[in-house]
Amino acid sequence: MSSNIKVAIRIRDKISRETSRPSVIKRKTSNEITLQKDNTANVITTVEHTFYFDQVFDESSNQKQIYHELAREYILKALEGYHTCVIAYGQTGAGKTYTMMGTEQEPGIIPLVSHELFKIIDMCQDEGPDEDALVHFKVTVSYFQIYNEQIYDMLSGGCNVLRVRDGPRKVTYIEGLSDRIVNSCEELLKCIEEGSARRSVAGTAVNENSSRSHAICTINIQQTEIDSFGDTVERVSSIKLVDLAGSERTKVSKTKDERFKEGTNINKSLMTLRRVVTMLSNNKVTGVPYRESLLTRVLRDNLDGNSITCILACISPCDYEESISTLRYASTAKHVRTEAHLNTTQISKGEEQLFSLQNQLKELQATLTLQTAELEDQRVLQQQLDKINETNKYLQHRLETENKICADFRNRWTQISWESHQLGSALLDIVHATEIASQPFSFDSQITSFQRDCAQFQSSLQKDKETIQYLLEKYTLV
């Protein structure tokens, strides 16, 4: 379903500080509005600007009229299975939050959507279009704000900073954002009230209760319908309700310090939104600066993707510069097209049984794969055990060989020790015989030579002894 973004204008009634100021709105009809600049400089010629929109709501329009003529369409489309989005845009103090939230006596779009949603759900569950039809609903809500270019979950304390992630098909999501199940209008409104209480607001010279953040409430609807033939139809859709912070001029709002920082970030994000809308209106598909602001990242799918989107631009009847700026942006947004499609899956009873059998098959395949893996593990273990046994046999054979070598060395050591002892005894006998010889000097040269040979033999014997000792220590098993 390809369609242009629907754009409507709401003219706020004058407030107390504006009662003495002239209106800059010269003409207005149900879809036309003309602005005329206040002639404060006594200029003879006046400048008029005329804009055309899908709808124009004047100062006499009340909350219920705006809901029924504009916003109600988007809850019905969501129940059909489409993603929908309503965005309130405009300068600070132009009536955006009042339009979206309202008061207890005059509820705005969000409370009225909540009431109608559960009214329709109750009707569907009580009596469906077919007597045997059954429709099951699951409704969840998420609520967050973008404050100073950081995202805070307004349903979980509002203190932790969350991150935007890119999902498949250019769809972004917020990691860790809470999604509460609600079963009644009262539960939904309680969540919205809880989140709104955590929203950042502050007073400026333009607005005593100025919203300092962009607030985005998303109602997710999951429907499961079983008809008389046993076929199942599943629909998953959402209603995104956006209350943007107001654009403002620093000189006019007279903000300082923290308020100045807030205003700078608000204007930066709104400027990025303007650039994105301008490029999309010119059919640009590349280079669109979605990532330059968190606001455009989270609204990307609603600006050029799978969504039916409406922008409600709120203006003041007395502020020419801000009002014409808002109208120019709104006029550009009219030319942006989205490609919404039904988020519906129909499953026949036979298909459902087939899916069930396929799931059982997948489970059996998973079990078989697990058992095969276990058998493979056993085979690998057996191979490792065989290798260990082979290694053990080799080591046993080597041990026997080393023990045999060690025994041979022991025998050799015993033989050498005995021979050394015998040679030592013979040497002593020779020395003794030499000492008692009657002519000792005739044997001097022979004795000297023999002693030298004995010394060399002892040295060689000592080396053999050390070698054998080393080998014994090496091969002896402890």
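The count begins at 1 with the first shown residue.
Here the Cβ of each residue, glycine as well, is placed from N, Cα and C on the backbone.
According to TrEMBL, the feature coiled coil maps to residues 347-374, out of the candidate ranges 235-262, 319-346, 347-374. Note on GLY90 (ATP binding site): other Cβ atoms within 10 Å of its Cβ, all shown chains, come to 28. When the binding-site residues GLY93, GLY95 are compared by the number of other C-beta atoms lying within 10 angstroms of their own C-beta, GLY95 comes out lowest. In sequence order, ALA88, TYR89, GLY90, SER211, ASP243, LEU244, GLY246, CYS314 constitute the residues six or more apart from LYS96 (ATP binding site) in its chain with CB-CB distances below 8 Å. Counting every protein chain shown, 25 other Cβ atoms lie within 10 Å of the Cβ of THR92 (ATP binding site).
In the three-state DSSP scheme, THR92 (ATP binding site) falls into the coil class. The Cβ of THR97 (ATP binding site) has ALA88, SER211, ASP243 as same-chain neighbours under 8 Å, each 6 or more residues away in sequence. Sequence-distant contacts of ALA94 (ATP binding site), defined as residues of its own chain at least six apart whose C-beta falls under 8 angstroms from its C-beta, comprise ARG12, GLY246, CYS314, ILE315, SER316, GLU322, THR326.
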